[in-house]
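Some notes on the structure that comes next.
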């Protein structure tokens, strides 16, 4: 019955096609704008919520360099909040190691030295047993080889002639 109110079939049928036309009398004489007006507020609310959450994700993920651009507008405040650890500001990133007592700024296009990662992976003890309760945590444990850099960065594809690396070693008090 409802289908008959909205559509009526023309008597023209040709080769498996039935032509339908919309009836001019809508339900209760309402126009389509009046009929869908209650849905407009719901649609507007969902649209604003979707655009707002997508904007937050884009800023948080530095999508297309958006966050770096916004932080570059006021670089002093971004650096004072140390946001350059997560997002490059004006082409520079920051490395902070509180346990070792240093921090430095390096070009954001530089990459970390993979050899340090390979050496750290070789040093790991692959045991399923839990650590004893009286052992010091791995982050506070003194390093055995002090002649090796903790971190190293350099331009991608270079042979190492231009880089920055940090070696932390104990220094005597009278030095």
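Here the Cβ of each residue, glycine as well, is placed from N, Cα and C on the backbone.
Quick caveat, the model's predicted, so the values are computed rather than measured.
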Select from 128-149, 150-171 the stretch of residues annotated by TrEMBL as region 'Disordered'.
128-149
Looking at 47-74, 75-102, which one is transmembrane segment according to TrEMBL?
47-74
